[in-house]
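Notes follow once the structure below has been shown.
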Amino acid sequence: MANNRMEANTPPPSVSPSIQTVTKTTKQKKRTSQWIWYIFLIPSFLGIILFMAYPIVESLRLSFFKSNGTIETFTGLDNFRTVLTSGPFWNAVWNTFFIGIFQVIITIPLGFIFATLINSASKGKNFFKVIYFLPNVTSIVAAAMIFQFVLHPEMGIVNFVLDSLGLPTPAWFSDPSTSKWGVILLAVWHWIGFVIIICIANLQAISKEMYEAAKIDGASSFQQWLFITIPNMGGTFAFLLITGWIGALQRFNEVYVLGGPNGSPARSIQTMGAFIYERGFTGFEFGIASAATYIMFLIILVFTFINLKISKLKL
Amino acid sequence: MNSSMSVKTMHRISEIFKFLVLLIFGVILMAPFIWMVSVGFDRTANITMPFPPRLIPEEPSSFNYGIVFENGRLIQSYINSTIVTVSSVVLSVSSSLLAGYAFSKGKFKGKKILFFIVLCTLMIPMEPRLIPLYTLFNSVGLLNTFWPLILPSIISGMLIFLCKQFFDQLPDTLREAAQIDGAGEFKIFFRVYLPLAGPIAATMIILSFIWSWNDFMWPLVVLNNIDLHTVPLYLASFSQENGSSLGGLTMALATVSILPIIILYLFLQRYIIQSIALSGVKGE
């Protein structure tokens, strides 16, 4: 009896400490799991501090100094004044915008049309996808190298075709008045595959039911395209506009290959990126180049926000 | 009966028309490549390009390719690009997997603000960072080494973002089960979630590979030593030295530099196209 009572009584006191230890360990575990997560983030945030935050702040500081990398003197807003009153800088802004605008307004509609054609094709869907995307996987540097010959005024295939069709043959990269169009052609050729792939991916995400409902109502396939497909692609067009435009503002590789750091002929294809490279790494005017990068950075940010506002995209 | 027949034929005609349009435009897009390969096999193209252009050279020869390979710089640049790219891919993918997993499954203070910082890095272009990074690597004596090309890959906002989204789709119950078994966070990550991350890891590897392989401006700034040049740098310096002369050699060089990437692309096209599409449909 006594034993029984003992047994009956013993559990409660022995249970309660065990519960306590359990809650204690989970609390401890919670605390350890709190800090253990920061270990997961160490590599990335080390990178953010060293290669993102520090350079972006340091670049702003540098833009207030006259500097060649070793000797620095504070000059206030002089660098910004120099850049903003410099003809070559505004020329570079103009070139960048000109090429970028035409790249975007040609490639997005054209790419979209081909995406709908590929998407509705009954045969060879994958074949066309692969072919159309091929230019985009080749590096833009190699592409620029090829285009120097493709658009050669006398020996290039484009002018050969134009000539045999009886059309005028521009001098492309040899003439400052047509060289930007050469870069635009290259950009369209290189980017259209990307536009097509993104469009196809989003076309396939539009629900089939909408098309079926429209078919029952007797809508033609062109009407379906106009009233269902296009309105549903708004977000995609906005995304392409943003990525395309921001990429265009940073254009450098192909114009460097085609025209060198000063964008020859006659600075006609020098972009903002090339201007910064020219002042920073051929002239070693770090202060002026930094001021120019900040102006470019602000331009990019402004357009990013405008684009985000227009497209109501949530980032 | 009659009208349904005509609808059918109409449909077939429009199908054929579509196919033809796609084919013609495809040929136009491929024309530069086709011409590149053809001119590469034309020895005489180094003096003047064959005009009018023809598909098959008058006297096909592998002369240009011989010269391209005899000059060891192409192969050297391939080795350099491979070292840089493989290291960058390993670094960026592993650090992004860790961070992406923590942002998805972790519970810790400041998670939201830290993730916001990661998203902010997506808006910071390379140009404003160019000069400070150059002076940074200069001050530690690492210019003209591969380190400046490899180390900054440790942070990639895009890869972290894609990785977080992937882990968000995996259920938390897997974690809870492993936790009951007493596994620590690292063990849970490596034993439970990492083995499931194959598809997203493949995407991350592909994207990181493309970015690193095609990188141009930053390598141009930090590598002056031609023995260290990556493939794009070698192509650019060759092209700048010769302009639009030596067409045959230039085209042979372009072919050899593009071909491995194209072969890789043809084998992996499904995954590559999926990866590109995934990085592009992030808005949804």
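Backbone N, Cα and C define each Cβ position, glycine as well.
TrEMBL annotations: computationally assigned, not manually curated.
Feature annotation from TrEMBL assigns domain 'ABC transmembrane type-1' to B:78-268.
The annotation transmembrane segment is assigned in TrEMBL to B:20-41 (among others).
Same-chain residues lying 6 or more positions outside the transmembrane segment (B:78-101) and placing a CB less than 8 Å from one of its CB atoms are 118, 146, 149-151, 153-156, 159-164, 166-167, 189, 193-194, 197, 201, 204-205, 208-209, 212-213, 219, 228-232. According to TrEMBL, the transmembrane segment annotation covers B:78-101 (among others).
The transmembrane segment feature in TrEMBL is assigned to B:113-134 (among others).
Residues or ranges marked as transmembrane segment in TrEMBL: B:146-167 (among others).
According to TrEMBL, the feature transmembrane segment maps to B:188-213 (among others).
Among the features that TrEMBL reports, transmembrane segment is placed at B:246-268 (among others).
Same-chain residues lying 6+ beyond the ends of the transmembrane segment (B:20-41) with a Cβ under 8 Å from its Cβ atoms: 49-50, 53-57, 60-62, 64-65, 247-248, 251-252, 254-255, 258.
Here the transmembrane segment (B:246-268) has long-range neighbours at 33, 35-37, 39-46, 48-49, 63-65, 67-69, 74, 206, 213, 231, 235, 238-239, meaning same-chain residues at least 6 beyond its ends whose C-beta is under 8 angstroms from one of its own.
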